[in-house]
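Swiss-Prot has this to say about the protein:
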| type | residues | note |
| --- | --- | --- |
| SIGNAL | 1-35 | signal peptide |
| CARBOHYD | Asn173 | N-linked glycosylation site |
| ACT_SITE | Ser209 | active site, charge relay system |
| ACT_SITE | Asp305 | active site, charge relay system |
| ACT_SITE | His372 | active site, charge relay system |
| CARBOHYD | Asn391 | N-linked glycosylation site |
Amino acid sequence: MAIPRFSSLLRCRKWAKSDWLVASIGCVLIVFFLSFFFDPTSDSVPSVDRSRPIISPSDLVKLKLSSVAKERGAFCLDGSLPGYHFHEGSGSGSQSWLVHLEGGGWCNTVASCSARALTKLGSSNYFEQEVAFQGVLSSDPSQNPEFFNWNKVAIRYCDGASFSGRPEAEFKNGTRLFFRGQLIWEAIIDELLSMGMSDAKQAILTGCSAGGLASLIHCDYFRDHLPKDAAVKCVSDGGYFLNVPDVLGNPTMRSFYHDVVNLQGVEKSLDQKCVAKTEPSKCMFPQEFLKNIRTPVFLVNPAYDFWQIQHVLVPTSADPDKSWAKCRLNIKECDAEQIKVLHGFRSSMMTAIGEFHQNKDGGMFIDSCYAHCQTVMSVTWHSLTSPRIENKTIAESVGDWYFNRKPVKLIDCPYPCNPSCYNMNFT
């Protein structure tokens with residue numbers, strides 16, 4: 001994701017259209033700093049305490065628009081062709097594939113989706129022609145020791161529903177919005193299979209934020225379309241969104257997901273075992289469907305996820321007196337009572353992942369940093385100043401789990417116990 005500041009998402013029990021228009025614009029700003037699309041020319045990024053790696057020309061990977069999307073009817077929100085960035089693997093990694101799904105929030109109204117369609121989160125007309133591959137996408141063995149020489153793909157996010165919208169939900173009254181996220185996912189995966197992924201011996205599906213949620217929604221589909229003898233696993237980064245009320249007791253995220261699912265026809269893309277038992281929008285929450293995923297999954301998530309704290313727990317509309325204003329922007333500015341509330345959010349996450357903790361094939365790295373999307377920045381993925389739990393970086397932990405070197409169920413102690421944390425500061 002890429003971001004300076006956040007805007008309000010909720011007003012009382014319903015998010016107003018004006019709120020979502022502002023929020024969608026906020027998502028545009030947020031998505032490209034924390035995802036792999038770091039813009040080195042931008043001067044409007046959050047301040048942090050660590051140095052960032054210099055981007056070299058070899059880090060830049062060109063955009064490719066899908067060659068099969070048009071015939072498949074797979075379009076971005078505005079009707080443009082979806083795209084991806086592909087870096088070919090080499091040597092021992094030539095038959096290994098890492099596919100990453102970009103994040104960038106969601107849109108739940110015609111107004112917010114229309115606004116999104118005028119940005120790179122809804123139209124390939126605004127995509128950068130080159131992006132820097134960092135973190136889990138890096139080809140530098142010092143930054144990405146486990147997967148540096150794999151085939152790596154970054155699929156751009158331009159549908160607004162975690163690659164899960166369906167055309168049946170589109171308007172027939174002349175409103176030009178294309179809800180084709182599911183078709184984009186299927187078309188690009190088929191394209192990658194034709195490029196050699198059908199012969200993969202090892203593969204990982206990853207994603208950040210809304211893309212991290214998508215990596216869970218589509219995990220088994222990914223597994224089922226690769227060779228049966230391939231080692232296929234999924235890694236969700238910052239995609240474990242909680243179904244918890246905001247500080248005023250309003251069902252902020254649940255109401256939002258309800259609107260996303262209904263607007264974009266997401267129900268058929270969700271886990272059908274879950275949908276058969278409960279209201280479909282609840283099946284957007286990983287705690288409701290993670291147990292049904294057959295493919296091994298690794299969760300990377302901060303227990304103090306700043307996106308969720310700023311948008312789910314304490315949206316500005318739930319803070320009318322602005323008593324949370326400083327805390328939301330910088331966790332070091334939170335007072336003792338606010339820290340108690342944040343610890344409560346952490347407790348909710350611990351409860352939500354409790355069942356998954358018993359999954360023998362699953363893995364997790366749950367740190368106590370004020371962060372979001374940690375696999376796509378080299379400084380948080382694997383560097384001298386990366387967050388560590390039990391002296392392991394995220395990259396080392398994912399590697400130990402993927403290659404079956406050891407079980408990995410790492411849960412950090414509560415904030416502020418971890419001095420290695422990379423805490424975002426939006427002031």
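Here, residue 1 is simply the first one shown, and the rest follow in order.
Placed from the backbone N, Cα and C atoms, the Cβ positions cover glycine too.
As the structure is a computational prediction, the values presented were derived from the model and not from experiment.
Considering only the recorded positions Ser209, Asn391, the Cβ with the fewest other Cβ atoms within 10 Å is that of Asn391. Comparing His372 (active site, charge relay system) with Asn391 (N-linked glycosylation site), their Cα atoms are 20 Å apart once rounded. Here the Cα atom of Asp305 (active site, charge relay system) is found 10 Å from that of Ser209 (active site, charge relay system). Taking CA atoms as the reference points, Asn391 (N-linked glycosylation site) and Ser209 (active site, charge relay system) are 25 Å apart.
Just so you know, the Cβ of Asp305 (active site, charge relay system) picks up 27 other Cβ atoms within 10 Å once every protein chain is counted.
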